[in-house]
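Shown next, in structure tokens, is the structure this report addresses.
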Amino acid sequence: MKKLLVAGLALASNLALAQEKVVVYNWSEYIDESVVEQFTKETGIEVEYATFDSNEVMYSKLKLQKGKGYDIAVPSTYYVSKMAREGMLQPIDKTKLSHFGNLNVDLLDKDYDKGNQYSVPYFWGSTAISYDADTLSEGEITSWKDLWDPKWKGQLLLTDDIREVFHMALTLNGHSGNSKNPEEIKQAYETLKSLMPNVLVFNSEAPREPFLSGDVSLGMNWNGEVYMAQQEGANLKYVYPKEGAVFWVDSFVIPSGAANIDNAHKFIDFMLRAEVAKTNAEYVGYASPNSAALPLMDEDVRKNPAVFPSQDDIARGEFHHDIGDDAMKLMTEYWQKLKAGM
């Protein structure tokens, strides 16, 4: 909901022994290395960088470490509210964010964090369907239901994300992707069981890679991964299914046990600069929430439907919300059964 190439990467400037640091925990391949280097060059603050490939991994690690070890993390919408509720986050001091006003007000003050007490939007994006246009024809795939066609047996990719996969099935069954209803979740599980013969791989580290290697030609994907694959020369297309795509916002948060709070605010504020947000968005291929950055972006990025969906696509889709611990526990149990049965 996703990304640097090497986990645990530490980036330092030519200031050989920077005395200060900030420790960032982010999705893999989800930042342009050049902007991190620029931050260190300007501030002398070393960036220690570690990555994760799912909200569940990020949450579990921070929970285990009681919020210590990282100064910044990047959870998705529904985990922001969960982590704040559990006392895992500390408030953001917006007086230290001189560029907070660059953000699109339509993405602020949402139910998952009223007043943005604990989070600052980093990127927003979608999970929908991608296909290899050298293999499939335009218009051949229009619906989530198309993935259930038996002709795709052993050929599909799904993101390795519980909420996204269940969101797809819930939506296909006519329910909210944020349903907490046990019967609706069970129905989604049964629907997904019938899809499993078609699934070759789950991937949330770099879902474009199985497409680039030719292992798959169809499946769930993140819009930014499709953009990156296109930049690498792949003829990959992105489809917003007629039932609606999954939408999410990933945000900067400061864990409760952060040791370098001032540096965390400095890093977040740096990332909110219009020119930095522009450079970063053009690299990762996700939609920037930074209104000041949009006019600076290359036209090919601004007009790429994989990066910026139409208003109709947004209206048909649904943003993730926190569904509570009970519903999440039930989904997790069904998720384990799905994978065990493959």
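Yeah, the Cβs are placed from backbone N, Cα and C, and that goes for glycine too.
Curation does not apply to TrEMBL; its annotations are automatic.
The annotation spermidine binding site is assigned in TrEMBL to Glu29, Tyr78, Asp161, Ile162, Arg163, Glu164. Sequence annotations record features per position, and here TrEMBL assigns signal peptide to 1-18.
Location within the structure of each feature annotated in TrEMBL.
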residue	record	Cβ neighbours (10 Å)
Glu29	spermidine binding site	22
Tyr78	spermidine binding site	22
Asp161	spermidine binding site	26
Ile162	spermidine binding site	18
Arg163	spermidine binding site	27
Glu164	spermidine binding site	21
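Residues Glu29, Tyr78, Asp161, Ile162, Arg163, Glu164 are the ones the record ties to spermidine, and the longest Cα gap between any two of them is 21 Å.
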